[in-house]
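Taking it in order: structure first as structure tokens, then the write-up.
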Amino acid sequence: MAAPKVAVVGAGVVGLSTALSVAGAFPACSLTLLAEHFSPGTTSDVAAGMLIPHAAPDTPIHVQKQWFRETFTYLFAISNSAEASEAGVHLVSGWQVFKSAPEEDLPFWSDVVLGFRTMSEAELQKFPQHRYGQAFTTLKCDCPPYLLWMEKRLKAKGVQMCTRKVASLWELHSEYDIVVNCAGLGARRLVGDQQLLPVRGQVLQVHAPWVKNFIRDGDGLTYIYPGINSVTLGGTREKESWSLCPDPGTAKGIFGRCCSLEPSLRAARDVKVKVGLRPSRGSVRLQREVWSQAGAKILVVHNYGHGSGGFSMHWGTAKEAARLVGECIALLQGSSSRAKL
């Protein structure tokens, strides 16, 4: 049969990494990336890009750990390469602090990050309002450099990149054999997934080059994540809010909370406010389907619904999506062989 034509819909961190994984696993495919928005206009561009996972309630922990481990291993190799600066991938050390000790002794990802340990009493003196803490080194992807680096790699592999608003996956059936749905929150409209809901996140980006260590409150709502050129301060987690308008009161609250953790931030300048809508559901949807209509069919692979865990899990889920694309290719080759008989 002719080389399968594959379309990946969505150009955030999940769409780009899935396209890269598919292109690497199946170089004979004709691969196209379709998106209404590319960087810097994606939800991923607002994300801090820190690899600190949030447990998804409906996904087995061992699966989430595998996705995280695969992502960490992949990005760690990039951070140790000559491309680290261009890709915006770097190691960052810091602390996660709690007002009281958490119920779980160790988070499921503690043996994936580097040097995970309980903070000493001397370290905790930096955080007088907190009684317990964990210190470790993890990875951070700066955006948009990381997204642009992936786009560059896709172009080098001959992947076509088209700005296009896809109203329905079915509209692609006459052009492509396989469609990979990485549309994030857009999947709610594309496939009618009512489980998929926005969780609004507002963050600040500030110039504070003296801040070298990350600090994260254990509740996950207040965090300071230093990048290469700016520091991300957060945040919010507003369920079912569709507003992309920055809220000045929220911004003031974020800045105040972060300054209570790191008082030197009072001297930060060039404050920019950003808002994004996390595509959240009980579990990531990683699944393949056959869609049929009036004698025509299209093979569909879904990879969306990462919520706040897109960067922490993206390469692990991209590899799984590529495996599902491989199953689709096998189905196509099987039907082609039967047709010849």
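Just so you know, glycine gets a Cβ as well, placed from its N, Cα and C.
TrEMBL: automatically predicted annotations, no manual curation.
As given in TrEMBL:
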- 5-324: domain 'FAD dependent oxidoreductase' (DOMAIN)
- Thr43, Ser44, Val166: FAD binding site (BINDING)
- Tyr223, Arg278: D-dopa binding site (BINDING)
Inquiry  = Over the span of the domain 'FAD dependent oxidoreductase' (5-324), how high is the average pLDDT in this prediction?
reply    = 96
Query = Sequence gap of 6 or more, C-beta under 8 Å: which same-chain residues meet both conditions with respect to Ser44 (FAD binding site)?
reply = Gly12, Val13, Val14, Cys143, Leu147, Gly310, Phe311
Ask   = What Cα-Cα separation, expressed in whole Å, is found between Tyr223 (D-dopa binding site) and Thr43 (FAD binding site)?
value = 19
Inquiry  = What are the sequence-distant neighbours of Val166 (FAD binding site), meaning same chain, six or more residues apart, C-beta distance under 8 angstroms?
reply    = Val9, Leu34, Glu36, Leu172, Ala183, Leu190
Note = Counting every protein chain shown, other Cβ atoms within 10 Å of the Cβ of Arg278 (D-dopa binding site) number 24
Ask   = Given Thr43 (FAD binding site) and Arg278 (D-dopa binding site), what distance in Å do their CA atoms have, once rounded to a whole number?
value = 7
Query = So for Tyr223 (D-dopa binding site), how many other CB atoms are inside 10 Å of its CB?
reply = 24
